[in-house]
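> Sequence annotations record features per position, and here TrEMBL assigns substrate binding site to T125, K279, N288, R297. Here TrEMBL flags H160, H205, H271 as divalent metal cation binding site.
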Amino acid sequence: MTLGDPAGIGPEVILKALAALEQIGSLDCFELVVVGSQSVLDKTYEQLIALGCACFDPGQLNILDSFPAIHVTPGQPNPETGAASFAYLEQAIQLALSGKVSGIVTGPISKTIWQQAGYDYPGQTEVLATQSQSQSTGMFFVGRSPQTGWVLRTLLATTHIPLAQVPQALTPDLLTQKLELLIQTLKQDFGLETPRIAIAGLNPHSGEQGKLGREEVEWMQTWLESMKVKYPQVELMGLVPPDTLWVGAGLAWWQDFPCPTAYDAYLALYHDQGLIPVKMLAFDQAVNCTLGLPFIRTSPDHGTAFDIAGRGIARSESMEAALAWAKTLSRKRAF
Ligand SMILES: NC(=O)c1ccc[n+]([C@@H]2O[C@H](COP(=O)([O-])OP(=O)(O)OC[C@H]3O[C@@H](n4cnc5c(N)ncnc54)[C@H](O)[C@@H]3O)[C@@H](O)[C@H]2O)c1
Ligand SMILES: N[C@H](C(=O)O)[C@H](O)COP(=O)(O)O
């Protein structure tokens, strides 16, 4: 586990999540190393205890103290906290690449603070992909509904790029690569051999026959037909108008499962097309997984939440889910 930005809620949600998992008896099966700063964890623990929060004693943790001399004020990030969060991640990647750990659960970092610290990466996913020299990676979110048990699975075709660059970034090759990653993951990690996958259109109402945008008629529909031929065992639905694509997901999440209009997985074309529904439905349950790496990587779906750091009010459910999913994957996959 990496702490993320030490001025954010990463240290808090880690200690809370470990306490919650210990309470339900599911911590014994982990062999955990926390890559972070011992002083930050000790101080967070003291603060959380003073606030009456249930949290795990860092004295019982195996901590790799990779950025020891750091002074942190919760909620006040600076280039030093950015550099620390980058160092934690790099060290964890080295542990994973050398086979010493089977996976990494990352705490949240701030991309802005990384830039201020001189690290020109748009996110952790991109560092993981670059440093592991992975050719084909994907940003995938999975969360189980506490109401119905239905599982929401979403892959983003493009991730941390400006909205204006999305139409140029989307190509038949890129969509094929992402769809193939998704099909492989559904089979490998979820046992879904004949999944139903919905693919979003790009434009309002998927372009309305070219009146509201031309990507769908110019190449996306043809691409989709070729994928249907290539993957006859997969039910591919699209290009679904993005505004109604998630209606079935909402029904399945809240009340109606099995729901005929919900899919096993969703391929969203850009960051907020996929993550607005994911975070509206499943902010406390969703786990961000990086697909296509030579090791497991999961993360909570929330960010650094500097606005509430140090107050003891951060919820740890998404971090709990990230740890639990990493554990499940490490059992399923043979590394
Ligand atoms: N995996 C990651 O490292 C990751 C993920 C998302 C965002 N970020 C980064 O985090 C920074 C802040 O992003 P943001 O403000 O858009 O999103 P955010 O998730 O940090 O916060 C959004 C809102 O949700 C609240 N919130 C977030 N997590 C919470 C929790 N566990 N419990 C209770 N409330 C919580 C926050 O207080 C805030 O009001 C940005 O720099 C962004 O890039 C990092
Ligand atoms: N796009 C993700 C989200 O909004 O939750 C997050 O920023 C990803 O961050 P990583 O690079 O840590 O995967």
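For all residues, glycine too, the Cβ spot is worked out from N, Cα and C.
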> Rounded to a whole angstrom, what is the C-alpha distance between R297 (substrate binding site) and H271 (divalent metal cation binding site)?
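Distance (Cα to Cα, whole Å): 19 Å.
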> Anything from the binding-site residues T125, H205, K279, R297 with its Cβ under 6 A from ligand 2? List those in sequence order.
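Cβ under 6 Å from ligand 2: T125.
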> Would you mind listing, in sequence order, the residues at least six apart from K279 (substrate binding site) in the same chain with a Cβ closer than 8 Å to its Cβ?
A286, D301
> To the nearest whole angstrom, what is the C-alpha distance linking T125 (substrate binding site) and H160 (divalent metal cation binding site)?
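Their Cα atoms are separated by 9 Å.
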> If you count the other Cβ atoms within 10 Å of each Cβ, which of the binding-site residues H160, H205, H271, R297 comes out on top?
R297
> In whole Å, note down how far the CA of N288 (substrate binding site) lies from the CA of H271 (divalent metal cation binding site).
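Between the Cα atoms of H271 (divalent metal cation binding site) and N288 (substrate binding site), the distance comes to 12 Å.
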> For the substrate binding site, please report the maximum Cα-Cα distance among T125, K279, N288, R297 in Å.
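19 Å is the greatest Cα spacing among the residues binding substrate.
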> With DSSP assignments reduced to helix, strand and coil, which class does N288 (substrate binding site) get?
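DSSP assigns N288 (substrate binding site) to strand.
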> I want to verify one value. Collapsing DSSP to three states, which class is R297 (substrate binding site)?
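R297 (substrate binding site) sits in a strand per DSSP.
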> When a 10 Å sphere is centred on the Cβ of T125 (substrate binding site), how many other Cβ atoms does it contain?
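So the Cβ neighbour count for T125 (substrate binding site) comes to 24.
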> Can you grab the distance from H205 (divalent metal cation binding site) over to N288 (substrate binding site)? Cα atoms, rounded to a whole Å.
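Rounded to a whole number, the Cα-Cα distance is 28 Å.
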